[in-house]
Each structure stands twice: as structure tokens, then as C-alpha cells.
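**Q** First, the structure itself, so that you have it in front of you.
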Amino acid sequence: MDVTRLLLATLLVFLCFFTACSHPPPGEKLRDDRSLRSNSSVNLLDFPSVSIVALNKNSKQISRKEAEKKRSSKKEASMKKVARPRTPLSAPCVATRDSCKPPAPACCDPCASCQCRFFRSACSCRVLSLNC
């Protein structure tokens, strides 16, 4: 029992000492805040003021029209894509969705590539991108 009480008393003294040392007195905290304020190089008066401007209906309509023009021009640009000329088919090639294991020749479709699954046991020519 005496050993248990001695350990508890030691623990209590240690906790009291730890809490007393970990919290600074209130006077030091105020001095630190003042020194931080005086040492700070950024001053709020250095920044320009911000003004808030209300939009009228006319400005909103113009921005909507401009946005619609941009959208339509982007759509037209995507529609006007020129089809790339296809390379001539070489005689030894693999058709799309057929097996193309590594000793086999390349895929016939220029937009297709050989994809292998299950540790290269099942390979087939597949078209990856629709925009090609």
C-alpha cells in the first residue's frame, strides 16, 4: 500500500508541475501579442480599399450574349474537325476485336491498339478514342 501511495503522490506532483510550466502567465502573453503586432511587416492600411459595384440589367444581357457566342463558336470548332487521312492498310495486320498476341502484327485500324488482359493471355485490338 505504501508503494502505491508513493507512486500516486509522485504522479500528482509531476502533473501539477507539468501544468504549471506549460501555461505562461497572462502578462507574458500580452507582451508577445504586442511584439508580434509591432514586428509584422504587413499593415492593413497598405492594401487598397475594395469597392462593390452593382450590375444593371444591360450589363448582364451583354455578358450572356458573349457567353452564348463563345459556346456556339466552340461547338462549331468541334464540328469542323477535319478527318485525318487514313494510312493505307498493310497486308499483314489484325482486324479490330481479333487476337493480337505479341508475335502477331499490328492492328489494321490506326486508331486501335493492342490491349492485353490476364497476364497477356488474352489480347485483342480495341479502339480507345472515339475522336480519332
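Cβ atoms are placed via backbone N, Cα and C, with glycine included.
Pasting the relevant annotations from Swiss-Prot:
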COMPBIAS  63-79  compositional bias 'Basic and acidic residues'
DISULFID  C93-C108  disulfide bond
DISULFID  C100-C114  disulfide bond
DISULFID  C107-C125  disulfide bond
DISULFID  C111-C132  disulfide bond
DISULFID  C116-C123  disulfide bond
DOMAIN    93-132  domain 'Agouti'
CARBOHYD  N39  N-linked glycosylation site
REGION    61-87  region 'Disordered'
SIGNAL    1-22  signal peptide
**Q** Going by DSSP, give the three-state secondary structure for C107 (disulfide bond).
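**A** Note: C107 (disulfide bond) is in a strand by DSSP.
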**Q** By DSSP, how many residues in the domain 'Agouti' (93-132) are helix, how many strand, and how many coil?
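**A** Across the domain 'Agouti' (93-132), DSSP assigns the residues as follows: 0 helix, 15 strand, 25 coil.
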**Q** Of these disulfide-bonded residues, C107, C114, which scores lowest on Cβ atoms within 10 Å?
**A** C114
**Q** List, in sequence order, those disulfide-bonded residues among C100, C111, C116, C123 whose Cα sits within 10 Å of the Cα of C93 (disulfide bond).
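**A** Those close enough are C100.
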**Q** Spatially speaking, which of the disulfide-bonded residues C108, C116, C123, C132 is closest to C100 (disulfide bond)? Use C-alpha to C-alpha, please.
**A** C123
**Q** Which residue among the disulfide-bonded residues C93, C123, C132 has the fewest other Cβ atoms within 10 Å of its Cβ, if you could check?
**A** C132
**Q** At the level of the C-alpha atoms, what whole-angstrom distance separates C114 (disulfide bond) and C132 (disulfide bond)?
**A** 16
**Q** Could you round the CA separation between C125 (disulfide bond) and C111 (disulfide bond) to a whole angstrom and send it over?
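**A** Cα-Cα, rounded: 10 Å.
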**Q** Cα of C132 (disulfide bond) to Cα of C108 (disulfide bond): how many Å, rounded?
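**A** So the alpha carbons of C132 (disulfide bond) and C108 (disulfide bond) sit roughly 14 Å from each other.
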